[in-house]
Amino acid sequence: ISLETELFYHHLNFPEFLVVEVNCPELLHDYTVPEDEMGKVSRNCTEYGWSEPFPHYAEVCFFYDNTTKLDPYYASVKALYTVGYSTSLVSLTTAMVILCRFRKLHCTRNFIHMNLFVSFILRAISVFIKDGVLYAQEDSDHCFVDTVACKAVMVFFHYCVMSNYFWLFIEGLYLFTLLVETFFPERRYFYWYTIVGWGTPTICVTVWAVLRLHFHDTGCWDTNENTALWWVIKGPVVASIMINFVLFIGIIVILVQKLQSPDIGGNESSIYLRLARSTLLLIPLFGIHYTVFAFSPEDVSKRERLVFELGLGSFQGFVVAVLYCFLNGEVQSEIKRKWRSWTVNRYFAVDLKQQRHPSLASSGVNGGTQLSILSKSSSQIRMSSPLAENANISLPT
């Protein structure tokens with residue numbers, strides 16, 4: 001009920017009063033001081049009608065305290081996910097450069113990894129942009145920000161987050177298809193993967209923005225009081241999380257069957273060890289940790305959800321980059337091969353330079369000797385890491 005309506009009904013009950021005084025509406029209690037300190041608004045009933053509220057409700061019903069600081073708990077969470085997204089952004093960018101730089105690493109599997117890396121990068125960037133717009137000043141109240149730029153930032157933020165969820169789903173779908181089907185056209189599948197990964201979030205976020213603009217155009221669109229509209233985005237995300245969880249269980253069952261095969265060999269403890277390693281590798285890639293709060297209401301366990309999904313989830317990109325790029329045996333072998341090639345070319349260049357300028361060869365070691373030393377040392381370098389070997393035994397990554 002509005003303040004004016006409450007004053008009107010109050011006057012009907014007490015028509016002999018020329019001055020009507022009421023408390024602030026209960027709707028505003030979340031933004032006010034405690035009830036025992038609540039202000040009152042009055043209006044005079046004159047022969048010309050109701051006077052303007054006095055004092056104005058904005059002066060007594062809202063409590064502004066510019067000296068109020070952010071809750072230390074939320075400040076700590078914000079600092080944690082800022083560090084997490086920064087770390088993920090640097091590691092993912094480095095991983096993208098590596099995968100793009102080496103041509104031999106260009107395959108469908110790594111193309112899907114690269115799209116996942118891009119979605120993580122966009123998610124981190126969108127979080128930084130959103131924080132910069134909404135929390136540029138600690139004493140600013142973003143609840144009353146209502147600008148086109150702010151709404152555009154929130155649309156971009158939701159698109160990046162939703163794209164990240166869908167590329168996690170595509171990673172799980174691709175790996176499950178790879179294990180189930182012996183032969184399948186990877187290039188054709190990659191075309192549809194790209195459409196689902198980037199196209200579905202575009203459609204969902206566009207529909208949500210149009211509905212929000214017409215039916216609930218309030219604030220900066222950073223709150224979701226209208227549950228029906230919010231499920232336009234949340235529904236597909238929850239569906240992708242649950243399908244990924246089912247695929248995760250299916251892949252674990254397939255791995256158990258493969259590890260128990262007589263062709264694999266090994267005792268029972270080694271089988272469980274391989275299974276544990278494979279499971280740990282799949283959890284960050286599939287985003288299984290998101291299933292913890294997938295179906296719980298958003299107003300339940302807010303603090304735990306913030307730490308779990310924002311704090312710890314911000315490091316997911318870093319973990320994925322480490323496991324599926326930096327520790328990947330194929331990537332390490334290619335880097336080592338390029339390093340040896342560069343070193344050999346460098347020694348040949350030095351040898352050629354010494355032949356043109358004999359005075360430079362005073363060290364007593366010629367280019368051929370250096371090259372032979374290089375060949376002997378390079379032959380001792382292993383082509384892949386132990387972790388990658390174990391991963392390749394368990395997973396086709």
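Residue positions begin at 1 at the first shown residue.
Glycine is treated like the rest: Cβ placed from N, Cα and C.
Bear in mind that TrEMBL entries carry predicted annotations, made automatically and left uncurated.
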Pick from 58-78, 79-99: which range has transmembrane segment per TrEMBL? 79-99
Would the transmembrane segment (275-295) count as touching the transmembrane segment (165-184), if touching means at least three Cβ pairs under 8 Å and pairs must be 6 or more apart in sequence? yes
Under 8 Å, at least 3 Cβ pairs, sequence separation 6 or more: does that hold for the transmembrane segment (307-327) versus the transmembrane segment (165-184)? no
Does the transmembrane segment (231-255) come close to the transmembrane segment (165-184), meaning at least 3 CB pairs under 8 Å for residues 6 or more apart? yes
Using Cβ atoms and a strict cutoff of less than 8 Å, what residues sit near the transmembrane segment (79-99) while being 6 or more residues removed from its termini? 105-106, 110, 113-114, 117-118, 120-121, 123-125, 127-128, 131, 307, 310-318, 320-322, 324-326, 331, 335
